[in-house]
Amino acid sequence: MRLIPLKNDEQVAKWSAQHIVDRINAFNPTEDHPFVLGLPTGGTPLKTYRELIKLYQAGKVSFKHVVTFNMDEYVGLPKEHPQSYHSFMYNNFFNHVDIPEKNINILDGNTPDHDAECRRYEEKIKSYGKINLFMGGVGVDGHIAFNEPASSLSSRTRIKTLTPDTLIANSRFFNNDVSQVPKYALTIGVATLLDAEEVMLLITGHQKALALQACVEGAVNHLWTVSALQLHRHSIVVCDEPATQELKVKTVKYFTELEAYAIHSVI
């Protein structure tokens, strides 16, 4: 595992966006051989999307031959609802770059057969061979996508019941009314994430400090979904200083020295 400890969330956004661009350009994608990118929603990746848009506008990258798969979507929320993850992705990213509509993949939370939709999604991913890079965020309790604490580390795309903590956390997007937050979501599984060639998690803010500690210093534990990243052969955690508050000083020092070149690339 690589840990990139940066000063603030602005640096996290710049570093992660540049890393995605570098990976896409090094891959040299074509229509017949596209780069496959996994994407999250939520507050943490917003600044990364803004940086990606800037890099696209500056001519540093094209998304014409990039295929995307999003992590999750609420069940029962219309696609056009302002808080659906469809709306989030189009408003904050897809509408601002040159990605073809046919290359965008987001789970359909309104399908009558959720199990069939989840199987279709897994099969679609496999049709491309693998996801080349999956970017993700992490919840306060260490969940990735909607893989809540105690999710199976061998899980695949499926329907999940959201925990009370997640409902409360997400109520800020629904006028702080928990009753308006969908109770279920379709989500990729932990094993789906770990199948990706590379996984990059963004962890920012002091409220995520325990999750970062579980990810880097803790044992692999299904109660901390994020700890499964330790099992991945090519994983990167990009974090800011507030998120490192629960890490041992020597841990931060070790990775700061180890990743000195990567860190200075955004300073």
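Cβ atoms here come from the backbone N, Cα and C positions, even for glycine.
Residues or ranges marked as active site, proton acceptor in Swiss-Prot: ASP72, HIS143. Summarising the annotation, Swiss-Prot assigns active site, for ring-opening step to ASP141, GLU148 and lists sequence analysis as the type of evidence. Positions annotated as site 'Part of the allosteric site' by Swiss-Prot: SER151, ARG158, LYS160, THR161, TYR254.
Locations of recorded Swiss-Prot features on the structure.
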residue : record                             : DSSP class
ASP72   : active site, proton acceptor       : strand
ASP141  : active site, for ring-opening step : coil
GLU148  : active site, for ring-opening step : coil
ARG158  : site 'Part of the allosteric site' : strand
TYR254  : site 'Part of the allosteric site' : helix
For HIS143 (active site, proton acceptor), the one of SER151, ARG158, LYS160 that lies nearest, given that the recorded sites are compared by Cα: SER151
Residue pair THR161 (site 'Part of the allosteric site'), SER151 (site 'Part of the allosteric site') - Cα distance, angstrom, rounded: 11
Within 10 angstroms of ASP141 (active site, for ring-opening step), Cα basis - recorded positions out of GLU148, SER151, TYR254: GLU148
Of SER151, THR161 (the recorded sites), the residue whose Cβ has the fewest other Cβ atoms within 10 Å: THR161
Cα-to-Cα gap, ARG158 (site 'Part of the allosteric site') vs TYR254 (site 'Part of the allosteric site'), nearest whole Å: 38
Rounded inter-Cα distance in Å - LYS160 (site 'Part of the allosteric site'), TYR254 (site 'Part of the allosteric site'): 37
All-chain count of other Cβ atoms within 10 Å of ASP72 (active site, proton acceptor): 22
Rounded distance in angstrom between the Cα atoms of TYR254 (site 'Part of the allosteric site') and ASP72 (active site, proton acceptor): 34
Residue pair ASP72 (active site, proton acceptor), GLU148 (active site, for ring-opening step) - Cα distance, angstrom, rounded: 13
